[in-house]
Amino acid sequence: MEFQNLTKLEYLQLSDNNLGGIIPPLLGANTNLSVLDLSDNSLTGTVPPFLCNYQKLVFLSLGSNWLIGNIPYGVRTCKSLVQLRLGCNLLTGSLPVELADLTNLSSLELDQNQFSGPILPEIGNFKSMKRLILSDNYFIGQLPPEVGELTELVAFNISSNQLSGTIPRKLTNCSKLQRLDLSQNRFTGPIPVELGRLVNLEILRLSDNDLNGSVPSSLGGLVRLTELQLGGNAFTGPIPIELGQLMALQIALNLSYNSLSGTLPIELGNLHMLEFLYLDNNKLEGAIPNSFTELSSLIICNLSYNNLVGPVPSIHPFEDMDSTNFLGNEGLCGFRTRPCENSQVHSNAKESKAKEAALREERIVTFVCAIVGAVGLFLIGAICWSLKQQFTINGTDTSAEDGYSRSGSLAPLFFTKQKIRYQELINGTYNFSENAVIGRGASGTVFKAVLSDGTVIAVKRLKSQGEGSNMDRSFRTEISTLGNVRHRNIVKLYGFCTYHDSNFILYEYMANGSLGEMLHGTEYAFTMKVTEKCDTYSFGVVLLELVTGQSPIQPLEKGGDLVNLVRRLMLHQDPESPTESGLFDARLDLKSKSTIEEMSLVLKIALFCTSESPMDRPSMREVICMLIDARVSTSTTPDVILSSPDSSELAPEESQDEEGASLKG
């Protein structure tokens with residue numbers, strides 16, 4: 001098909017289709033292309049020069065291919081462009097200065113390429129820029145202060161380059177910033193104190209630079225932070241107690257590999273949502289504060305290679321941690337370390353007795369469970385043997401019917417009609433290349449594999465940690481679960497095997513991703529952590545489905561997902577005739593005034609739940625209150641006008657729950 005001859009072609013979306021070869025050189029020369037998405041393929045060659053020949057191209061995504069060369073002049077000067085995504089290719093050259101003249105450009109992704117040269121001052125001309133991703137390239141020189149003129153910027157990632165100099169103080173003028181990543185460069189000097197003014201920041205990564213001075217106490221004002229990465233620098237002085245005010249910290253607080261001194265602030269015990277705390281390789285001293293035992297969500301607390309003294313707490317969260325987290329502290333003793341002196345042991349005698357009693361009780365329970373389990377396994381084995389004998393007599397081969405191997409050996413894995421060998425997985429994933437990665441989870445990485453016959457499957461790789469480990473239990477559990485499930489809405493299990501130190505599970509490949517990808521909040525793509533606010537977002541999407549009758553996945557020209565579609569429709573709806581905007585499910589009784597009123601209020605609540613910033617989303621307790629109020633208010637409110645949601649309009653009046661916490665929208 002000659003695409004250049006399709007003169008009325010406006011939308012061309014062929015992403016993730018395993019396409020190869022070059023992009024037709026004349027694509028766009030005779031067409032009115034508005035949206036072009038060829039991402040996640042194996043395309044080679046250069047970017048065609050005529051893609052924006054008629055200056056109507058709004059969205060261009062060619063990411064995750066093997067494209068080479070420079071960004072062509074025709075693209076660099078495309079005035080209509082709003083989003084330009086060219087990440088994860090082999091593109092070269094400098095950052096085109098012409099891009100700064102594209103006044104409509106709001107998203108520019110050039111990450112994971114081979115761009116080089118300096119970041120020019122013209123970067124300040126990106127007045128509409130909201131998302132600027134330039135990471136994993138070879139940019140050099142200083143970050144120009146003109147970056148502070150990007151007042152609409154929400155996400156800025158320039159990590160993994162070779163930038164030097166100080167962090168521009170004018171960067172703090174970007175008051176809408178939510179994600180800032182300057183890590184893995186060569187920045188020097190102190191962190192600007194003014195950085196504490198960026199109150200909308202949710203992720204701040206400055207690790208692996210040459211920054212020095214003290215950690216500013218002003219960072220304690222960044223109350224929306226979920227991740228703070230300052231490791232691998234040359235910071236000195238104490239850890240500011242103000243960091244204990246960062247109550248939203250969940251993903252990580254990393255201050256490792258610096259020269260921080262002083263004691264561990266007891267205020268850090270306030271970070272109840274924190275999962276990973278890295279304070280290792282510093283010069284910290286004193287005892288581990290008792291307040292650290294209040295860090296109920298903590299998974300890792302690495303305090304190694306400091307000058308800490310005293311006993312290590314033997315209760316949660318420290319009881320589940322490896323001893324390597326406490327190495328290099330000659331003064332530490334007790335749990336996971338050397339025995340404490342008698343004076344230290346006496347202070348913890350009561351706690352030790354309680355723990356011993358708990359251990360005795362646990363052993364009794366374990367013994368009883370083991371006996372019950374052994375009897376159960378014997379009975380199950382007897383039943384399985386009996387069934388197998390019956391199937392053998394009847395001539396039935398159950399493994400062939402199930403379509404997957406039931407052994408964990410290195411024997412070939414089986415589809416229903418064909419065999420799959422390990423070498424095919426190697427070839428189909430380009431030796432498990434990063435370019436084949438389609439997802440990551442707590443238990444492993446998922447790769448897209450194209451087999452020799454063109455079949456596409458998903459391969460999850462779980463690194464084995466030895467018999468009885470969590471990873472191997474996860475491997476067996478997943479096989480056991482999916483191997484016995486047959487449902488059209490659940491991915492099929494094709495096979496599994498163990499090879500060297502890795503376990504592999506072969507799934508049905510889902511081209512459109514999972515439902516979870518559409519339900520999770522936007523921050524999930526950056527953090528890969530599920531939080532209460534993620535759940536609120538998911539509930540909001542479900543509410544939108546109920547009200548609109550639409551799928552959470554939408555065509556790109558409609559915004560790509562249901563949340564964006566609804567927000568677009570609300571911008572153009574007539575307040576006097578809300579039913580004519582197409583927002584509501586036409587199958588419902590839209591002639592009933594009370595129905596429209598209730599649906600309008602629920603729609604507002606749904607949009608409130610799907611606010612872009614997690615901190616702007618209500619708690620589920622508040623959502624319940626609002627839904628109840630919506631039901632009650634429709635019987636008393638004479639008119640409801642549908643408009644964009646306002647948190648002050650939707651939030652319930654301040655009240656106190658049983659713990660005395662104020663509920664605010």
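Every residue gets a Cβ built from N, Cα and C, even glycine.
Listed in TrEMBL:
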BINDING   Lys460  ATP binding site
COMPBIAS  651-665  compositional bias 'Acidic residues'
DOMAIN    432-665  domain 'Protein kinase'
REGION    637-665  region 'Disordered'
TRANSMEM  364-385  transmembrane segment
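The average pLDDT the prediction assigns to the domain 'Protein kinase' (432-665) is 67.
Under DSSP, Lys460 (ATP binding site) is assigned to a strand (E or B) in the three-state scheme. The Cβ neighbour count for the residue listed as 'ATP binding site', using a 10 Å radius and every protein chain shown, is 19.
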